[in-house]
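If you look up Swiss-Prot, you'll see Glu115 marked as active site, proton acceptor. For Cys135, Cys139, Cys142, the entry in Swiss-Prot reads [4Fe-4S] cluster binding site. According to Swiss-Prot, the S-adenosyl-L-methionine binding site annotation covers Gly194, Glu195, Ser226, Ser248, Phe249, His250, Asn325. Under the heading disulfide bond, Swiss-Prot lists Cys128-Cys368. For 121-363, the entry in Swiss-Prot reads domain 'Radical SAM core', with the evidence type sequence analysis.
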Amino acid sequence: MNAAPITQDLLTIPRKLPETAGRNLVGLTREQLHEALIQAGTPERQARMRVGQIWQWIYHWGVRDFAQMTNLAKDYRALLAENFEIALPEIVTRQISADGTRKYLLRISGGHEVETVYIPEENRGTLCISSQVGCTLTCSFCHTGTQKLVRNLTAGEIVGQVMVARDDLGEWPKPGAPKDETRLVSNVVLMGMGEPLYNFDNVRDAMKVVMDGEGISLSRRRITLSTSGIVPEIAKTAEEIGCLLAVSFHATTDETRDKLVPVNRKWNIETLLNALREYPRLSNSERITFEYVMLDGVNDSDEDARRLVRLIRGIPAKVNLIPFNEWPGSPYRRSGWERIEAFADIVHKAGYASPIRTPRGEDIMAACGQLKSATERGRKTAAQIAAEARA
């Protein structure tokens with residue numbers, strides 16, 4: 001793992017996690033783990049069996065100490081401890097919203113920080129995870145977009161967010177206890193900091209780990225990857241991950257989308273929609289989710305709603321309408337509730353589900369579009385953020 005440069009900030013907590021000599025096993029695919037064990041001295045004829053045993057200890061039981069892997073011989077446990085570690089991101093802060101939403105500020109290698117959000121609901125719990133430190137896309141309505149990209153997360157740092165949340169929620173099974181089918185983390189959405197498709201290989205490997213049936217065991221139908229429209233990677237996502245897809249659409253003309261989602265200048269609406277029409281067939285997905293943030297006077301007219309319906313015609317889809325979540329220095333305002341409902345009504349009458357997302361975690365800046373590492377927030381004033389947003 002390449003250590004990224006440490007950036008200074010206002011926190012007094014030590015900025016860098018201790019370096020260890022062992023290779024982190026978290027985030028390795030089965031194939032990578034198999035190779036690592038052989039390189040560490042595991043006889044090749046035993047390696048496949050050892051992969052299965054270690055995999056279950058880490059991802060089914062949530063064990064972090066090789067000494068607790070009691071179906072392995074003591075000398076083999078010692079070999080593992082000498083060569084490897086089971087390391088997760090460190091929780092710097094945990095905030096709990098009035099609505100039960102939890103936001104974790106997590107420290108990763110190099111002293112960098114990312115945010116992860118857990119959203120409890122009546123019959124499920126959704127974990128929103130990050131794929132990058134910062135973001136390259138500079139979407140003008142998104143707080144994360146005001147933080148420049150520092151680096152991609154490793155597969156281990158992506159999987160680690162899921163494991164940290166399960167730790168905090170006490171969701172790992174206990175040996176000998178009755179099996180509990182209730183899942184507190186039942187869904188994962190790649191909608192946190194960063195553009196997942198600009199970190200494709202690590203996201204793919206992380207999702208392979210999360211979906212593996214002998215560990216965390218989340219169905220690919222319980223995982224949603226959200227992209228701003230990185231067209232060359234969309235077919236690969238269908239073929240190599242196969243999860244559900246959400247698209248940050250947000251506008252119905254190239255002129256408006258160029259401003260809101262600048263990557264549209266590279267892959268415009270027509271090009272994006274052509275790629276999306278193929279996704280359900282390639283991935284066996286039932287439908288694509290179009291995410292549409294409601295910005296007062298920008299993209300929320302009746303004509304926008306009718307144009308949206310025309311654009312997505314023929315694509316199995318639903319449209320998630322997202323009331324804009326304001327942040328310090330934001331140049332936009334949330335559409336009025338009546339305007340949002342009128343927009344939703346037009347889309348619904350055209351035959352598409354058009355739920356209005358209930359903002360969650362606004363009081364702790366955990367709502368959609370509000371994520372940004374606390375170190376970056378502390379480094380800039382509201383005036384600086386506003387100036388960047390106008391630029």
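The chain as shown is numbered from 1 upward.
For all residues, glycine too, the Cβ spot is worked out from N, Cα and C.
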Exercise. Once the chains shown are all counted, how many other Cβ atoms turn up within 10 Å of the Cβ of Phe249 (S-adenosyl-L-methionine binding site)?
Worked result: 29
For this session: List, in sequence order, those recorded positions among Glu115, Glu195, Phe249, Asn325 whose Cα sits within 10 Å of the Cα of Cys128 (disulfide bond).
Result: Glu115
For this session: Rounded to the nearest Å, what's the C-alpha distance separating Asn325 (S-adenosyl-L-methionine binding site) and Cys142 ([4Fe-4S] cluster binding site)? Just drop the number here, would you?
Result: 9
Exercise. Phe249 (S-adenosyl-L-methionine binding site) to Cys142 ([4Fe-4S] cluster binding site): how many Å between their Cα atoms?
Worked result: 13
Problem set entry | Nearest of the binding-site residues (Cys139, Cys142, Gly194, Glu195, His250) to Glu115 (active site, proton acceptor), judged by Cα-Cα distance | Gly194
Exercise. Secondary structure at Glu195 (S-adenosyl-L-methionine binding site) (DSSP, helix/strand/coil)?
Worked result: coil
Problem set entry | Predicted model, mean pLDDT over the domain 'Radical SAM core' (121-363) | 93
Exercise. Where Ser226 (S-adenosyl-L-methionine binding site) and Cys135 ([4Fe-4S] cluster binding site) are concerned, what is their Cα separation in Å, rounded?
Worked result: 14
Seminar exercise, completed: Among Cys135, Cys139, Cys142, i.e. the binding-site residues, the one with its Cα nearest that of Glu195 (S-adenosyl-L-methionine binding site) is Cys135
Exercise. If you draw a 10 Å sphere around the Cβ of Cys139 ([4Fe-4S] cluster binding site), how many other Cβ atoms fall inside it, taking every protein chain shown into account?
Worked result: 22
For this session: Could you find out if DSSP has His250 (S-adenosyl-L-methionine binding site) as helix, strand or coil?
Result: coil
